[in-house]
Amino acid sequence: MLCGQYNRVWIPDSEEVWKSAEIAKDYKVGDHVLQLLLEDGTEMDYPVDPRSLPPLRNPDILVGENDLTALSYLHEPAVLHNLRIRFAESKLIYTYSGIILVAMNPYKQLPIYGDAIIHAYSGQNMGDMDPHIFAVAEEAYKQMARNNRNQSIIVSGESGAGKTVSARYAMRYFATVSKSSSNAHVEDKVLASNPITEAVGNAKTTRNDNSSRFGKYTEISFDERNQIIGANMRTYLLEKSRVVFQSENERNYHIFYQLCASAQQSEFKHLKLGSAEEFNYTRMGGSTTIEGVNDRADMLETQKTFTLLGFKEDFQMDVFKILAAILHLGNVQIATVGNERSSVSEDDSHLKIFCELLGLERSQVAQWLCNRKIVTTSETVVKPMTRPQAINARDALAKKIYAHLFDFIVERINQALYFSGKQHAFIGVLDIYGFETFDVNSFEQFCINYANEKLQQQFNLHVFKLEQEEYMKEDIPWTLIDFYDNQLVIDLIEAKMGILELLDEECLLPHGTDENWLQKLYNNFVNKNSLFEKPRMSNTSFIIQHFADKVEYQSEGFLEKNRDTVYDMLVEIMRASKFHLCANFFRENPVPSSPFGTMITVKSAKQVIKSNSKHFRTTVGNKFRSSLYLLMETLNATTPHYVRCIKPNDEKLPFEFDSKRIVQQLRACGVLETIRISAQSYPSRWTYIEFYSRYGILMTQQELSLSDKKEVCKVALHRLIQDSNQYQFGKTKIFFRAGQVAYLEKLRLDKLRQGCIVIQKHVRGWLQRRKFLRERQAALTIQQYFRGQQTVRKAITATALKEAWAAIILQKHCRGYLVRNLYQLIRVATITIQAYSRGFLARRQYRKLLQEHKAVIIQKYARAWLARRRFQSIRRFVLNIQLTYRVQHLQKKLEDQSRENHGLVEKLTSLAALRASDLEKVQRLEAELEKAATHRHNYEEKGRRYRDTVEERLAKLQKHNTELEVQKERAELKLREKTEELKEKMDDLTRQLFEDVQKEEQQRLLLEKSFELKTQDYEKQTESLKEEIKALKDEKTQLHRQLDEERVTSESLKGEVARLSKQAKTISEFEKEIELLQAQKIDVEKHVQSQKREMREKMSEVTKQLLESYDIEDVRSRLSVEDLEHLNEDGELWFAYEGLKKATRVLESHFQSQKDCYEKEIEALNFKVVHLSQEINHLQKLFREETDINESIRHEVTRLTSENMMIPDFKQQISELEKQKQDLEIRLTEQNEKMKGNQNHPGPALRDSTMEEMRGQANAVQNKMRTKGKERLMDKIQELQEASKLLEEQPEADSEAKSIFQQEASRLTLENRDLEEELDMKNRMIKKLQDQVKALTKKIEKDYRGMLLTALLPLPRGVVVNMIPGLPAHILFMCVRYADSLNDADMLKSLMNSTINGIKQVVKEHLEDLEMLSFWLSNTCHFLNCLKQYSGEEEFMKHNSPHQKKNCLNNFDLTEYRQILSDVAIRIYHQFILVMENNIQPIIVPGMLEYESLQGISGLKPTGFRKRSSSIDDTDAYTMTSVLQQLSYFYSTMCQNGLDPELVRQAVKQLFYLIGAVTLNSLLLRKDMCSCRKGMQIRCNISYLEEWLKDKNLQNSLAKETLEPLSQAAWLLQVKKITDSDAKEISECCTSLSAVQIIKILNSYTPIDDFEKRVTPSFVRKVQALLNNRGDSSQLMLDTKYIFQVTFPFTTSPHALEMIQIPSSFKLGFLRRL
């Protein structure tokens, strides 16, 4: 029964709206009175209607929910109570109500809007975090990005509820999370528009100091990358009447007061303004200032935002001139002239200033402010106006000017935010007035409530649609839900012949009045429309039944406000203004203020008949309806998100909860309508997993045995709730009707309470039984003594006393005689036994001492002999295994370093385990000895008891002396037999012990012999290895000899080619030999590895045999307790064990020392082998290069020879040319040989000399060819001249000779031409050869630094693991040292710049590559340390070896480059940290906060919150193991790349700070996580992190301290929070948390079960009072972007530069060592 006793209900209350009460007596059907017990203890008989019982109260476990629809009982008092708990007690201002975010105005600045909060909500699903305006903004942004659909955020509420602030925070969120990459700063401009619109559109009212007096819809446009590209703003229904009239304690728009406060500044003096008290339009409300607001500072902010939007000072000054003109216009004095006239003096100072500012003619303004022109069909009449009419005309002009100015400013803002690109999507933020009802409601309230009716209709349809989608998604039958449809009210207002149309019609009439219009309303709607009423006591107002409440409107002023007219002559004067801005305001066809005005055609839902009059003017109501239709079209095309702002009280007190005012607003803003719609269906929706984990306690064993949890839930629910209509099963959720979750909570609580009762019953019964048994035993004892005493008293008489005394005397003497006899007998027997026993013991002790003395002498000589033997064997063993361990070190160099280390660790752990087992065995022996001692003590006690019993028997059986003597003899016989048996056992055990010792010695001798044999084998193998190495050296010397012989045999080109071909053949042979050597090397390595494996196995066997040579358990089992005592009296076992351990340690120490020596020798041999292989490879490379060069030259010579053979006349020149070329080739060959000789220092001097020689040779060849060709031509010319002279001397020669001469001349001419062509061809060929020589020289001259960086920078990842840390850094420094040795400043500068730029480039190309960043961070630090270590500065050279001191730089100071490298390292470190943070950040909250490490202790309370359809949980299921694995990956990456341990510690500290900060920030923003059990889970996860630090030996990295705030927060969740001492303890212990964070956690603490208690507000106030003296930060969130200052430690490199080897994989064969 839900209305049973102890259940709680809500009853109406005049003060608190609803009051809680507890049912004192079960309610029976038919009762008309409900007996209640109020919270203050008073009883009450509450009359009830059986058909409508009082609403039930939710269980305390459901109070304080994030979502109102998650409450089980959904009604008005439940909603109000939940809001009160969250707002007044938990200080939480945001609450969800389905798709609505309810925002309560706290009237206090809260630290929940910083950038850290924005980043915390970014990327989160709605419902995962506490309700917040940022959560709604993130949901809109996510849906836009995911679905490519436009979004809208509708912020509504009454004045003072916080609409403007909420809209501003939403826009700020978008600007922060969608930062554009351009330099336009569009986001800043979008945010800068808010201060401007607030200055010109906001004002102080009685309810709000910054009330928006207009509606605003801001479209924020995004591109395809979801970044802001622009914005557009639309405004609605500016309250123009505020310009000329303000109520008491209200102000005009802020901009006027800002302007007056800055009037004395130089740039504003020409406006001739004064204080705000001097102007009618600013002093009317009697309040010109706002507490806490500095108007002058706000003016500077307004000017700053104007400038940010690109508005120049001229534009700003034009705006300020118009504003000043409005103020002066309001001060223009209008005087009364007679009864029907008024006048304005042209000498009025304010009129003069007004006309000067706006460029108007003063006389015209003065005339037409007091007169109006009436134009009829026949004439034009000038009609004077009365003073009130003139004042109205002046005020209308001021309102018109301000309205135009406001529209103009909005238009210019839109132009500043305009974008030229394509809009991909937009998010609109609507900041619009909520439903309003005042004592006097006029045209403005009518329009506002009309807009809210349209928005409420859209909201109802959207909620209905979402409910239907949810049902269809879960495959639940859809039933029609009855919800309020306000279409009738909308039709009443906007339909044909509706209120607005009748108002427009009346405005068209020349003599239309408010009274006539109101009479038309009465005639059309009274008694015809149920939503329209006529007040009983008024004929000037009407009532409309809105969705929220009934509102009574006063008809006065409706027509005037709807017309919004200014007289025509004043408009004409304004158009004639010399001030261009003012003239543009009053143009006949103004440009639309919004770009949407010309593009979108708005159609009415109902057809509206418009007037055909040419004088028809658009009314305010018509404009508003058109803009409202446009707004609704926009909203219907978007996905809406709703924010309802609530004003908690009218006094603006922080966190004060006025129930009456809040209920009024909840009814007006649609929140309760959402609750009502949800309550009609299935409001509570739980997933199957949540239901199973929460109500598993209600399930039976049979139900829990089912494997499918979904089926378990169904079966259990059918049993628990009989009415199947109360729930529905969906695909993923169970849907409950209202009250069913509370019923289940009641069943669960009853089950838990019943279990507690059963436990209490058994405990109390056990206590009572124990108490009863104690009392019963005490009573029995008392009864026993009492009854005995009573019996004695009854039996005592005088005769009996005499007889008793006589008997006692007789007994005394008799017993004394008997006892004396028995004593004498026992005394004699005892003395006899003692004599024999002491003699036996003395003799045994003597024999024992004698045996021990002899044994000690034997042991002394035996142990000395054994020690000598052991020392000799160990010495031989150590000497023999030296070579074995050298081979082992060679194998160690070839094996992977990590595997070898792992093997050593395993060996150490095995030795530690053996030692631990030995210690355990010794401890067991000691335990056995103690046990034997206890047994002995027990035997002694038993002996004493036995003697007592014997004495009693002797006293009783004195008459049977003969039997006692027989028993004595038998006992003596048994004693002798037992003594003999013990003696025989002792002899056997001693004999067995000596046999075991002898066996042990024999085993040791066998092992020593086997060791000697093995060491001999190893010596032979090492000798063979030395012979092989010697053979390799011989082969190397032979190769050098062959090379020298082949170099000498180069005389000519053919000989050179033949020699090179032979060398090519020998190269192939060398390759075969190298392959053979490599195969032999591999075989040797395999053989060494097998020998090493066998050696390890033998060592393990020897160790086991030495340590386990005899079975301690077997010996102990054969020894009795007494034998063990005698055996170990002199500590012989302990001495034997200690000797064995010392022998083992001696073996290990000799083993380790010989191993180290052998490793060094094998390392040297390995270095020689590698060096030989490198020299062979280098020889091969030189042979290939020489072959290629000579082949190319030989081909070129043959080609030139074939070409030259075509001209026989030039054979001599060609032969000379060939000789020159041969000389060139020979010189090139010599240069190559010189280069071979100088390859260890390929410096620029060598390259320059080679170039110069080659160029000189080429130029010489060319010059010789040219000179020889010219000489040849000159010879031909001289022959021709001589021939012509002969002809001149013989004029009489015949024509035949002439013809011959002519033929010869022509032939020579042709030949000359051919010669010139051939010379040109040869010149081209020579140039080609020169180009080849230049290419060759350029190749030689190629920048080795570039080759070096090209080889080092893109290192393969596999190479890093197998080389020494910082090898590239050492190579780079060696190059720097080479440049320093040459004293070449240019080379050094080029090398350093190339290195730094190359590192920057490779880091830039791999910004997200963790391993590459780690590698180059390590090498940059090593390079920096090398520059310091070898700089020659004393502070860096303290730990250098003598060889390292010789390698210091001598000529250059690289301090500046060190600073640059340090800056580069810092940049790499920051990028490295950023990459690690980006990788681990998505894992932190799921792993640290959401994952439950302690299974069975759930830290979450399922709430049934209904997430949005778009809030898809697409995150992976990360656990604490995922966090640890990611940290281990980071750590292994840093270690593998050789990062300095101090840098590793700093990086780990930074990561732990991020983990703690992100987890704590999420905890502070998630009320559902603030529970005692979640505190346990967090502390468990912190312990895992501490174990990880301990495992990695990072305890001193200070990383644990960065988790202190999180640890204290977890402790705060678990600690008791009730008394004053608890509050004091919290304030003293939570030193790492700020006061804001402590109070936030206390307010957010959420009990998971009914047995837990909430933190009371009084306790929170106590803690807050104790924390008030703290001077810590007021920030709620920790800064997750904070990075600790990094320091790069200076660590000297232990590697000698001359011993560093360059791997072949680096491809740096061109480098040679100095």
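Each Cβ is built from the backbone N, Cα and C atoms, and glycine gets one as well.
Noted in TrEMBL for the protein shown:
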BINDING   GLY157, GLU158, SER159, GLY160, ALA161, GLY162, LYS163, THR164  ATP binding site
COILED    880-1094  coiled coil
COILED    1207-1234  coiled coil
COILED    1270-1339  coiled coil
DOMAIN    4-58  domain 'Myosin N-terminal SH3-like'
DOMAIN    63-749  domain 'Myosin motor'
DOMAIN    1393-1669  domain 'Dilute'
REGION    628-650  region 'Actin-binding'
REGION    1234-1267  region 'Disordered'
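Within the same chain, residues at least 6 positions away in sequence whose Cβ sits under 8 Å from that of GLU158 (ATP binding site) are ARG207, TYR433, GLY434, PHE435, GLU436, CYS645, LYS647, GLN665, ALA668. The record gives GLY157, GLU158, SER159, GLY160, ALA161, GLY162, LYS163, THR164 for ATP. Within 8 Å of the mean position of their Cβ atoms, the other Cβ atoms in that chain belong to ASN105, ASN208, SER211, SER212, GLY434, CYS645, LYS647. Same-chain residues lying 6+ beyond the ends of the region 'Actin-binding' (628-650) with a Cβ under 8 Å from its Cβ atoms: 83, 87, 97, 99-107, 133, 136, 139-140, 143, 147, 149-158, 160-163, 166, 170, 207, 217, 234, 236, 428, 430, 434, 450-451, 454-455, 458-459, 462, 596, 600, 602-605, 656-658, 661-662, 665-666, 669-671. Using DSSP to sort the residues of the region 'Actin-binding' (628-650) gives these counts of helix, strand and coil: 9 helix, 8 strand, 6 coil. For the binding-site residues shown (GLY157, GLY160, GLY162), fewest C-beta neighbours within 10 angstroms: GLY160. Considering other CB atoms within 10 Å as the measure, the emptiest surroundings among the binding-site residues SER159, THR164 are those of SER159. Here the Cβ of LYS163 (ATP binding site) has 28 other Cβ atoms within 10 Å, regardless of which shown protein chain they belong to. With DSSP states grouped into helix (H, G, I), strand (E, B) and coil, the domain 'Myosin N-terminal SH3-like' (4-58) comes out at 0 helix, 27 strand, 28 coil. Over the coiled coil (880-1094), the average per-residue pLDDT in this prediction is 70.
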